[in-house]
Amino acid sequence: MKNYKLALIYVLTVLTLAACNSDDDHTITGEELTATLPGTLNLTLDAVVGQEDFELHTTYDIEGQQLNFNQFRYWISHVILTDTDGEEFSIEDSYYLMEETEAISIQDGAYEYPANKRETITLTGIPAGSYTSIKFAVGIDPAYNDNLSLQAGELSQLNGMTNISWMWHTSYIFASLKGTDTGNDTQLQLETGLNSSYRTVVLTLDKDLEIGGDTDRNLTITTDIAGILNGIKVTETPVIGASTPEAMTTMADNFESNTFTVVPADEE
Amino acid sequence: MKNKRFPYYLLYIFLACTGCTTDDDGIGEDPEYTLRIPSHFPVPPEYPDNPMTTAGIELGEKLFFDTRLSGTNTVSCGTCHQPRLAFSEGSRLSVKGVSGKPLLRHVPTLINMAWADNGLFWDGGSTNLESQAFAPLAHEDEMFQNLDELITELREDPEYVSYFRRAFDSDIRINQVMKALAQYQRSLVSADSKYDSHIENGTPLTAIEKQGHQLFKNHCATCHTPGLFTDNDYHNNGLDATFGDTSHDEIYLGRYRVTRNREDLGKYKTPTLRNITVTAPYMHDGRFADLRSVLDFYDRDVQDSETLDPALKQNNRSGIALSEEDKSALIAFLHTLTDKTYVR
């Protein structure tokens, strides 16, 4: 009797836990079952300018403009991996702030956010499988963008990536690139935000990525700042934001199409 | 043996109930709070991400009137949203913020906020109260609070620790400060004016109030829709003819700066007329000192422009033709919208 009850509890528990898995539609084949436990992927978004590595306080020629940056930050969210069967696995609560920045004065100097470089995120609990593409958004989806009190992943109001005074449009800054146009000695503040700038990026991997078990896998994607600024003339718009909708849309479109490139596995 | 049996089904229920929680904010011990919905009000929107609780509202009220929310510990939300003025401030452009500089827009009232589901601020620049609160808290001319420091300050107060525990079953965090403030503001329902009593119980209006009510229905109710007396929408009511001043992040362009749609130039949110007699001065910039000036404006000074609301562009004229007697009658009617239980 007792064993029967324990078994029932076990079954119910498994069913309960299974019901919560966001990966309901991932079919586990017999082969996978024997192979493996969920695995880990280290995803690196390596900032570059064309063929060069990106560094702060270095002057780059971008579209004939001499640009020097002290801050590059952007939100990555809703990371999804697609396997060879076309099944999608969504990383839960995936809101990550990627950045390479010097110390930042927050809220008009009320406090300081320390200098930081963060290019790698660790994605855990990925069902074992063979993955062919990765999808993620640049920015924050409307549900969270419109309600700063909702908490998920790394979302925070305290790191200077919210528009709490930017035009009083209380939402997140999706991407921020700050520095100087050294040609004209002009300060640059190139930002995207508002729901209209939210973009989804889909990248096909050059070869299938086997994830699962104890060995972490690595995936590197380059983030090309020259691509982000494709078609942008900073002499015309040294400040890009909600008040320059055309330039902001260009930047957002560039994030979708001209910025991210998968580094072939054998070149890592 | 029977008595010792562990109720395994409880374990199952526990797992079933906790397993799927996605939001890490709990709800405290008293999840029941029923918002009062007056019979002549529309159904308010639901707020599933921030359900109202008695404990949450109490906490929100405590925070709302706590000067520790400002960087200088001298200004609370209630400094500029005063209950005795139906949560308005009384001056044209407030200088009560921490910098002492005049703000760029008139302090709006807080009345029946649970129904305000079409953007906040005069231009709708914020989607909900949970996000809106960050702006005055952080702005250097308003409360200029270091949000990190605020949390540290609140955590040092055992009373707040217990309040947050009760309201959200959790430690103090900035997003819960916002949620509690939103809950308190949504609990502010004003529906006990003479007008309400007239609608709900047939309390008679005086002859002049009745006359004003009829004029109101003819000329004002399109935008100031009863029972909220606002349509929660944005209109250009003809205050200005041109919109050339792009200073201060285009704050003088109205809702345009939020939508970037030229059709929204000069549009501002319709304010409620509830408690209007205690919330002078009027308009988004507080330019009119009293109700007579407002009605004189609608009668004589409405400025035509491409975005002027069609309701104010009828019979080959801009504005609304009102006799002096009409104006007195309208003002008499507007006095019936004052809720003495709300203004305290």
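Including glycine, each Cβ sits where the backbone N, Cα and C put it.
Any TrEMBL annotation is an automated prediction that lacks curation.
What TrEMBL says about this protein:
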type: BINDING; residues: B:Cys77, B:Cys80, B:His81; note: heme c 1 binding site
type: DOMAIN; residues: B:207-338; note: domain 'Cytochrome c'
type: BINDING; residues: B:Cys220, B:Cys223, B:His224; note: heme c 2 binding site
Please identify, among the binding-site residues B:Cys77, B:Cys80, B:His81, the one with the smallest Cα-Cα distance to B:Cys223 (heme c 2 binding site).
B:His81
Given B:Cys80 (heme c 1 binding site) and B:His224 (heme c 2 binding site), what distance in Å do their CA atoms have, once rounded to a whole number?
24
Protein Cβ atoms within 10 Å of B:Cys220 (heme c 2 binding site), excluding its own:
21
How does the model score the domain 'Cytochrome c' (B:207-338) in terms of mean pLDDT?
96
Which ones in the same chain are close to B:His224 (heme c 2 binding site), with CB under 8 Å and 6+ residues apart in sequence?
B:Phe216, B:Thr230, B:Asp231, B:Thr270, B:Thr272, B:Leu273
Quick one: what's DSSP say for B:Cys77 (heme c 1 binding site), helix, strand or coil?
helix
Cβ-based isolation winner (fewest other Cβ atoms within 10 Å) among the binding-site residues B:Cys80, B:Cys223:
B:Cys223
What residues, ordered by sequence, lie under 8 A Cβ-to-Cβ from B:His81 (heme c 1 binding site) and sit at least six positions away in the same chain?
B:Phe64, B:Phe87, B:Ser88, B:Glu89, B:Val107, B:Thr109, B:Leu110
For B:His224 (heme c 2 binding site), what is the secondary structure by DSSP, using just helix, strand and coil?
coil
Take the mean position of the Cβ atoms of B:Cys220, B:Cys223, B:His224, the recorded heme c 2 site. Which other residues of that chain put their Cβ within 8 Å of it?
B:Phe216, B:His219, B:Ala221, B:Thr222, B:Thr225, B:Phe229, B:Thr230, B:Asp231, B:Thr270, B:Leu273
